[in-house]
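Accompanying notes for the structure given below.
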Amino acid sequence: MESTLKEMRDGASVLDMDPKSTVGGGVEDVYGEDRATEDQLVTPWTISVASGYTLLRDPHHNKGLAFTEKERDAHYLRGLLPPTTISQQLQEKKLMNTIRQYQLPLQKYTAMMELEERNERLFYKLLIDNVEELLPVVYTPTVGEACQKYGSIFKRPQGLYISLKEKGKVLDVLKNWPQKSIQVIVVTDGERILGLGDLGCQGIGIPVGKLSLYTALGGVRPSACLPVTIDVGTNNEQLLKDEFYIGLRQRRATGQEYSELLHEFMTAVKQNYGEKVLIQFEDFANHNAFDLLAKYGTTHLVFNDDIQGTAAVVLAGLISALKLLGGSLADHTFLFLGAGEAGTGIAELIALEMSRRSKTPLEETRKKIWLTDSKGLIVSSRKESLQHFKKPWAHEHEPVKGLLEVVKAIKPIVLIGTSGVGKTFTKEVIEAMASFNEKPLILALSNPTSQSECTAQEAYTWTKGKAIFASGSPFDPVEYEGKVFVPGQSNNAYIFPGLGLGLVISGAIRVHDDMLLAAAEALAGQIKEEYLAKGLIYPPLSNIRKISVQIAANVAAKAYELGLATRLPRPENLVKHAESCMYSPAYRYYR
């Protein structure tokens, strides 16, 4: 040991040292790793050819026991795998049996994430073939719990972490990502994760989960997806004190420091990947969400799922519900509990659709839509104190405080909850809705399940089976007086994967409101009479890939119509083109 330290002090390289001084009768230490002391640098050598041991640990190419005899010979896998060869279908069956044995959703989530880290195609095969069962596992509501506990369950990095430490070097950080042909980026700053608040850097679970759905449901290649978290600190005291927290331990940066980092990121993305890369803003706080969309909507291909995606999926549900309610959107009155990014985004898209259909000015159609916030009904007498995104919804009416009083005063046929506060649709509120509506439409959209404004059981029971109900998080079927009601799920997963695919295949350079309307109309067009007969206003998620194809084709058509598409010439059949562009998780055969 003394001789080793002497050689180090004399400036000798690790590779120049006598192997016998530190390695006792073992394999020769070619790279000097065993001879290096803890404070000495070594080179992290890797084998670049995907074969043998390396191939089995490459999630993009690993097939586990599904490697054929020929592949095992060609890629030096003999002896590295048990002798049996099984199909991808049998692998899927085995893993689903294992996952179903777990009692806790978080255990299932962890199992799925571990599968993605070792066999990417099998992960997507499971998710696509079992979408209704696994969607709540890899995304809402389970992903919320995963983000809360991310520091404890963190094993290996997923996605790209850009913190204030990287300010001035963001372009270099983007270049560290191994995949170069990126088409979709989902980025969060972790300030408003679902209905759970500020989770800081641990919000990375949301972009990771979202992009897995872009692939599974929308067919965007996994290698073309990039999850990003912008870490500017957190105001969550619990996380700041948590020894396992993985992010910056400081209060959240705001103002110029925040906007400069975001601007550097947006500029670097365009510089590195071009202007046809879709950037989806995810779970930003209200003030930043609206500002970012307004600031970059004219210069980048940007989309906010909380504002625009939620709006499109709710609008699709309302268009479907008209077949049960009768009339047009303009014939009905809408009331929102919650006037944040989701509430105002939905309201604006409903008003826009009304305006397009009825050829009425937007200012007029907005008057059919009422919003309430924590201070009560948004009315014109409050206009001076309102945030800018609430002002278009301040109508002439006397101030009304409580939700029950608002419902009785406005008498809406549609009640939409986007408050992020659970149990706010009380028995009295729901009963009031049923008292003046033959079929009250109740949408409890807040996530996760614990934050839902009411449950499906409550909606059906309190309206005596009259309600048309849909929620943001899934609920089990409800039996009331001998009849089984199947609650719909107003899940953004119906819209954003198909929208993303449509933007990618058309080479769109901007997201236009008419594309959102096109996506909503395509989704509403997939609802059949048999679904409506059960009170469903959304089609089954089991058909989501086919639905995404229709949405993608509609969105792409609108991009070409608006002159925003760059992939020319336009394909003759956009539906077939969308299908042909979708990623398939089936195993490839290797030479």
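Here the Cβ of each residue, glycine as well, is placed from N, Cα and C on the backbone.
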- Swiss-Prot annotation of region 'Disordered' - which of the ranges 1-26, 53-78, 79-104 it falls on: 1-26
- Task: Given that Swiss-Prot annotates GLU282, ASP283 as binding divalent metal cation, state which candidate in ASP291, ASP306 belongs to that site as well.
- Result: ASP306
- Note on the structure: Out of ARG192, ARG567, ARG570, ARG588, Swiss-Prot lists as part of the NAD(+) site with ASP306, ASN447 the residue ARG192
- Using DSSP, would you call GLU282 (divalent metal cation binding site) helix, strand or coil? coil
- Rounded to a whole number of Å, the separation of the Cα atoms of GLU282 (divalent metal cation binding site) and ALA347 (NADP(+) binding site) comes to 19
- binding-site residues ASP283, LEU335, GLY338, ALA347, ILE350: which have a Cα within 10 Å of ARG192 (NAD(+) binding site)? ASP283
- Task: List, in sequence order, those recorded positions among LYS210, ASP283, GLY338, GLU341, ILE350 whose Cα sits within 10 Å of the Cα of ASP306 (NAD(+) binding site).
- Result: ASP283, GLU341
- Measuring Cα to Cα, tell me the gap between THR344 (NADP(+) binding site) and ASP283 (divalent metal cation binding site) in whole angstrom. 15
- Task: Please state how far apart, in Å and to a whole number, the two most distant Cα atoms are among ARG192, ASP306, ASN447, the recorded NAD(+)-binding residues.
- Result: 12
- Query: For ASN447 (NAD(+) binding site) and LEU335 (NADP(+) binding site), what Cα-Cα distance in Å is obtained after rounding to a whole number?
  - Reply: 19
- Task: Take the Cβ of ASN447 (NAD(+) binding site) and count every other Cβ within 10 Å, whichever protein chain it belongs to.
- Result: 23
